[in-house]
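What Swiss-Prot annotates here:
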- 1-21: signal peptide (SIGNAL)
- 106-161: domain 'TSP type-1 1' (DOMAIN)
- 118-155: disulfide bond (DISULFID)
- 122-160: disulfide bond (DISULFID)
- 133-145: disulfide bond (DISULFID)
- 163-218: domain 'TSP type-1 2' (DOMAIN)
- 175-212: disulfide bond (DISULFID)
- 179-217: disulfide bond (DISULFID)
- 190-202: disulfide bond (DISULFID)
- 256-362: domain 'SCP' (DOMAIN)
């Protein structure tokens, strides 16, 4: 009789085995047939070979098997036979409708996860990826997944000669807000050692930001993405974040100077460097280096974007020069024209834009060959229809 209170399916069976008191081994095979029968098999190993007539018949054994069912499973047949060394036991079980014990499902691997970052930028680095036996997990006595859950492979086998290395991170700046929630930043430089070959640029971020929190203001908290306050042409320009000054790297400063020099030709005010924009640009530049495509970020919000790709190791100043050259084809009489052939130029000189952040990624594509991906982010964004005339000013003869 079925009893709903049972939560464990109980099997009773006879074993033909050599009774030595050892724990019963796990079933090696579990099959669910189409007629509602479940068959399980296992091999009972013996410590030494014996003649078949030396194998006594064991007393009746009873074994509990787990189940998520609330019904009782009934054993209908128990077969076994012996050879000289082992006993091969097969248990055949019939399951009434609703007995969860008979819903056998073997485990299957999930998809491989993403590769971890390489443990070294050159020499003998390694990276790994993993997967889990959860798609689905084994249930009802089903088999575990076959194979390994982790793979490890070599990466960045190139020589370290001429490859740059990062300095230690500098100190975190003070919080950009004197109370509640703000942002702080720190930087490092590719000077330990500096690269001596074009493809030797350091990989990764030269700066990072984090949310900071202070107390003292009895007002609602808000997040500030305060930008840098920068002198546009000074070779010693610095970024102001709260009360602490963080110097730009030489390449960041050169990039900012190149932007502001071109903007001055068109009567646009100088830009300020923004670490948050630069971080966003760096994330997308790394994505482009992986896909080796040049396309705008489809998820960008409230930021303008200029893109640059080239064979070889180039710098931001090269990209700015290329973007500015688009201006020779710009039609100053068309206030509603957004032209892909000149959109980098118009964003570069857009009068109402006030902040910029740029990232450069140099990707090794083959031995001795690299590609450069440069992404610039701007805010407020430019290239707004109906606003070109007031934001893209025709240069005067004196400015040319």
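Glycine residues also receive a Cβ, built from the backbone N, Cα and C atoms like all the rest.
Distribution of Swiss-Prot features across the structure.
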| residue | record | Cβ within 10 Å |
| --- | --- | --- |
| 118 | disulfide bond | 17 |
| 122 | disulfide bond | 19 |
| 133 | disulfide bond | 18 |
| 145 | disulfide bond | 18 |
| 155 | disulfide bond | 18 |
| 160 | disulfide bond | 13 |
| 175 | disulfide bond | 23 |
| 190 | disulfide bond | 20 |
| 202 | disulfide bond | 20 |
| 212 | disulfide bond | 18 |
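Counted with DSSP, the domain 'SCP' (256-362) comes out as 48 helix, 18 strand, 41 coil.
Closest by Cα distance to residue 122 (disulfide bond), from the disulfide-bonded residues 145, 155, 175, is 155. Here the C-alpha separation of residue 133 (disulfide bond) and residue 155 (disulfide bond) works out to 26 Å. In this structure the C-alpha atoms belonging to residue 155 (disulfide bond) and residue 202 (disulfide bond) are separated by 16 Å.
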